[in-house]
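Asker: Questions regarding the structure given below will be posed in turn.
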Amino acid sequence: MPPLGLLHMRAWASLFNRLLRPSGVVCIREVHFHSQGTRDLSPQQMVVREKILDLVIGCFKRHGAKRLDTPAFELKEMLTEKYGEDSGLIYDLKDQGGELLSLRYDLTVPFARYLAMNKVKKMKRYHVGKVWRRESPTIVQGRYREFCQCDFDIAGQFDPMIPDAECLKIMCEILSGLQLGDFLIKVNDRRILDGMLAVCGVPESKFHAICSSIDKLDKISWNDVRHEMVARKGLAPEVADRIGDYIQCHGGVSLVEEMFQDSILSQNKQAIEGLGDLKLLFEYLTLFGIAEKISFDLSLARGLDYYTGVIYEAVLLQTPAQAEESLNVGSVAAGGRYDGLVGMFDPKGHKVPCVGFSIGVERIFAIVEQRMKTSGQKIRTTETQVFVATPQKNFLHERLKLISELWDAGIKAELLYKNNPKLLTQLHYCEHMGIPLAVIIGEQELKEGVIKLRSVASREEVAIKRENLVAEIQKRLSES
């Protein structure tokens, strides 16, 4: 429900519109406080988000990645012609005196620009940051115009498929750790895809356009994709049908072997190279113990122009019961190999092979948030460990001295900003905020040189010598 103030503003706007519109004098528009496709995050939402990000970043660090950051905006020329049909979704900034700038569309292109600009030949990096896209927002699916991405990439010349296999291993670790349910990672290779299009009779000039259509298969039916290929992109119907036969194939390493034996596809050199790499990839995935989570899927296209080799996308698998109550969020992680992108930014065209992926934090957040709402789970928005209370008036100075001791010892503590708060109000605050311990100081405690330590949940109280208080609190917190 909107805040009361906003309801009042809407009511006034509606009233003025009705009163004044007939005379044509003025029309007050309904107030929108932020752009469509963006949102504020409440303290409860931020707690959930931080937990997700902590798990993701922890996994990146476990695999030896360094953190990188880049500006929120780039020179427009750096971003154009890197995203294919999606280039129209880039946010351009108003010219501020000679430099044409755009908000970053993803974290991959800025990473490639960074590598080229700083002449970096090897790097394993992660990056967490906001990106912006001018697409129609579908909030219920966790799609926004401003959203957070978590990227992991390995740049450098290495033996084939070892970095690629590690990327898939990391994706599996993160998705398992988040406990989102069963998932599947679809893999393909742009060389197999391009080879398939070539043997099916697609002109090379239409490869990117047809790939972009195939990429929509997770959103619309094959019949709609076929119609787009034929009616809008001018592909011959029989060519579209040949593509349809291939892209309905999906399986494990046995399908890779099957495609090697395909009399038509095996004539294409690019496709054979891609299949060879996928065979090696599955060998490494088996050693990592994750091969059963991976499916070779010939319909996987990934619309971005910069991919050159292996591509992959993780989707959640839902039982019928889950599907009824869950969000249809699409893929929750995706990536691939882009060996030519860095060379686009290098004046001499020097290439740095790269492979990586992005975790769809907003979509994962939408799922976790909905599950928490369904279960009615309460979220603590602070990490306060101890509350400093008093039953008596004129004890603010003693409370301030005591809380300062706790802060100096590294204990997370709070008090009420009142000179003479009621004890019941203070204890209710502890319970409402989920603070586990309260320390109570009054005249009697001051006289005896003790502090009462109260367990908020059990309401049990014990008197502790003032000099032993910090040690006792730390002991209790370490046991909880």
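Cβ coordinates come from backbone N, Cα and C, glycine included.
Whatever TrEMBL says is automated annotation, not expert-curated.
Copying in the features that TrEMBL gives for the protein in this structure:
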DOMAIN    36-391  domain 'Aminoacyl-transfer RNA synthetases class-II family profile'
BINDING   ASP106, LEU107, THR108, ARG133, GLN149, ASP153, ARG302, TYR306, TYR307  L-histidine binding site
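Mind running through what each feature is packed against?
Answerer: The local packing around THR108 (L-histidine binding site), expressed as other Cβ atoms within 10 Å of its Cβ over all shown chains, amounts to 27.
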Asker: Who sits close to TYR307 (L-histidine binding site): which same-chain residues at least 6 apart have their Cβ under 8 Å from its Cβ?
Answerer: ARG190, GLY336, ARG337, TYR338
Asker: Do any residues at least six apart in sequence from GLN149 (L-histidine binding site), in the same chain, have a Cβ closer than 8 Å to its Cβ, and if so which, in order?
Answerer: ASP106, LEU107, HIS127, VAL128, GLY129, LYS130, VAL131, SER358, ILE359, GLY360, VAL361
Asker: Average the per-residue pLDDT over the domain 'Aminoacyl-transfer RNA synthetases class-II family profile' (36-391) and send me the rounded value.
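Answerer: The predicted confidence over the domain 'Aminoacyl-transfer RNA synthetases class-II family profile' (36-391), as a mean pLDDT, is 90.
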Asker: How many Å separate the two farthest-apart Cα atoms among the L-histidine-binding residues ASP106, LEU107, THR108, ARG133, GLN149, ASP153, ARG302, TYR306, TYR307?
Answerer: 21
